[in-house]
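Participant: Here it is, the structure in full.
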Amino acid sequence: MMQVLLVTISLAVFPYQGSSIILESGNVNDYEVVYPQKVTALPKGAVQQPEQKYEDTMQYEFEVNGEPVVLHLEKNKILFSEDYSETHYYPDGREITTNPPVEDHCYYHGRIQNDAHSSASISACNGLKGHFKLRGEMYFIEPLKLSNSEAHAVYKYENIEKEDEIPKMCGVTQTNWESDKPIKKASQLVSTSAQFNKIFIELVIIVDHSMAKKCNSTATNTKIYEIVNSANEIFNPLNIHVTLIGVEFWCDRDLINVTSSADETLNSFGEWRASDLMTRKSHDNALLFTDMRFDLNTLGITFLAGMCQAYRSVEIVQEQGNRNFKTAVIMAHELSHNLGMYHDGKNCICNDSSCVMSPVLSDQPSKLFSNCSIHDYQRYLTRYKPKCIFNPPLRKDIVSPPVCGNEIWEEGEECDCGSPANCQNPCCDAATCKLKPGAECGNGLCCYQCKIKTAGTVCRRARDECDVPEHCTGQSAECPRDQLQQNGKPCQNNRGYCYNGDCPIMRNQCISLFGSRANVAKDSCFQENLKGSYYGYCRKENGRKIPCAPQDVKCGRLFCLNNSPRNKNPCNMHYSCMDQHKGMVDPGTKCEDGKVCNNKRQCVDVNTAYQSTTGFSQI
């Protein structure tokens, strides 16, 4: 078993508390000053690893309000993928992609000793920076910028002065699921990772021109890493793991039209991801960080339940200056919408004054999910079964040295079933993370009773007609990567064509937007898209609604019908001004026999739409 270095750091409290100070998070009106004093103590038998700058586990001892606290930290080993890349562009538009070393990084998660409900997200790159939750209260720690000093400030979130009184909103406007049964009380839905299947979101972040003007700034990278690390810590109770596989910087110009209209920008970003980014880098989800100030005080926006869909698996998040935790909460909020979670209503509760899915960002943002969010998430996984996030990264995709006992099967390990006390795998020796004598395997869909299954055995069944089954190779315990049916294959009794593993048809889009009673409106309703009016158009250019060509009317605005006896207008389906981003026909949707909608809102021949030499759709 690999030995790790245990570090103890004592934080001696300075003999005074400050009344007001300007820190990275803003003007803080009450804080404590502490001095981290690093004490290295190698456990018996441990070996120092000189090539590793940042230890895998660390422990900090300090005082908060005069009481001793022990903070245990463990490196976030799934923060980066092995093929993590960064992309910049030359002024002439040429792309340059590099793979910077990220294995020995300095981002940690943790807990407070003897506090079962505690948590922490810390950067140890230059001093200690981040936050921890102690006895239900959020504290922040960051280095004080004093010469020749190890001084740090510790303060509560409530002591950061508010920037303004204007409510900050999320741009997603849908409300609640049509519930089949009552939502459980919060006491019945205490969120722990053991309740949920582990999922991995392989994320690409795009930094737009407004935020990436200083493209060579190390501070921008640090900001992104801290935000993603904090968002991961928020998702831990739901067993959701966000792995950063790439960052792209739009240094000289934006590659889409980023405007003050959040919904227009979201549409443009989704189209760009489907037609450009997906052809260059395999990933599950893309997120745009921007400094653009959107209309209606919108902080973020996404497509509800869009995860794993080419056009809809995207979010936009407005960065909040140096308040990285606030940005992380917004990021987690929008990703949660993409995972099927709605805004909290008046009956939604968590053990905090507000919850992650509140439609308005609180002065003191919460890290807790409500009973409603847990219900929404469980229901989403059951109904939608998003394929891409159930593919864990391959062992070689997890960076940093392996740690035996963390239940992550990493490069160099034959198995990892957790600690000896908790291991329930009969094939694995928990103390060494090696297979027991006679065992051929200990993990994987192609492993049964410690033996590798024979070649040709189905290890992952096709989920639907736009998926294909995977088979064991007979050489490995791992099931091959999930493959999808060829784009353009007819599906759902010829009502649609497969597109990146989905069968997008208008009926399902109407149901997703308006509930199970909704249906597609009559063909005559789509003639409204010829007008270029408020409710009928094909696309927008510089804020102007462009009418559809006659052959493209079914690729513009989506018209749905509510099959209710009280509904007298067959073309009447209300979209508010904030709903426009979700009222368009999805790319890949069948518009005529043998034709589908492309990203330009054109109804084109299905064979032309899916011609590709790279294996990616050119729709």
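Along the chain as shown, the residues are counted starting at 1.
Every residue gets a Cβ built from N, Cα and C, even glycine.
Values in this document were obtained by computation on a predicted structure and should not be read as measured data.
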Participant: If you look at what Swiss-Prot says, which of Cys441, Cys450 makes a disulfide link with Cys447?
Facilitator: Cys441
Participant: Just to confirm what the record says: which one of Asn216, Asn562 has N-linked glycosylation site annotated in Swiss-Prot?
Facilitator: Asn216
Participant: Would you mind checking which of Cys308, Cys459, Cys466 shares a disulfide with Cys388 in Swiss-Prot?
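Facilitator: Looking through Cys308, Cys459, Cys466, the record in Swiss-Prot gives Cys308 as the partner of Cys388.
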Participant: Look at the disulfide annotations in Swiss-Prot and name the partner of Cys548 from this list: Cys538, Cys555.
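Facilitator: Swiss-Prot lists the disulfide between Cys548 and Cys538.
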Participant: Could you pull the disulfide partner of Cys466 out of Cys428, Cys433, Cys498, going by Swiss-Prot?
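Facilitator: Disulfide mapping in Swiss-Prot sends Cys466 to Cys498.
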Participant: Determine, to the nearest whole angstrom, how far the Cα atom of Asn406 (Ca(2+) 1 binding site) is from the Cα atom of Cys417 (disulfide bond).
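Facilitator: Checking the Cα atoms of Asn406 (Ca(2+) 1 binding site) and Cys417 (disulfide bond) gives a distance of 8 Å.
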Participant: If you measure from the CA of Cys548 (disulfide bond) out to 10 Å, which recorded positions from the list Ile408, Cys450, Cys555 are inside that radius?
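Facilitator: Passing the 10 Å Cα cut: Cys555.
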Participant: Just to confirm: which same-chain residues, 6+ apart in sequence, have a Cβ under 8 Å from the Cβ of Cys459 (disulfide bond)?
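Facilitator: Within the chain, Cys459 (disulfide bond) has Cβ neighbours under 8 Å at Leu445, Cys446, Lys453, Glu470, His471, Cys472, Cys479, Pro480.
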Participant: Say we define neighbours as other CB atoms within 10 Å of the CB. Which of the disulfide-bonded residues Cys446, Cys591 has the fewest?
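Facilitator: Per-residue Cβ counts within 10 Å for the disulfide-bonded residues Cys446, Cys591 bottom out at Cys591.
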Participant: DSSP on Glu410 (Ca(2+) 1 binding site), three-state: which is it?
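Facilitator: Reduced to three states, the DSSP call for Glu410 (Ca(2+) 1 binding site) is coil.
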Participant: Counting other Cβ atoms within 10 Å, pick out the least crowded of the disulfide-bonded residues Cys423, Cys466, Cys472.
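Facilitator: Selected from the disulfide-bonded residues Cys423, Cys466, Cys472 on minimum Cβ neighbours within 10 Å: Cys423.
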Participant: Around Cys428 (disulfide bond), which of the listed recorded positions (Cys350, Cys388, Glu410, Cys450, Cys498, Cys503) come within 10 Å, judging by Cα atoms?
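Facilitator: Candidates kept after distance check: Cys450.
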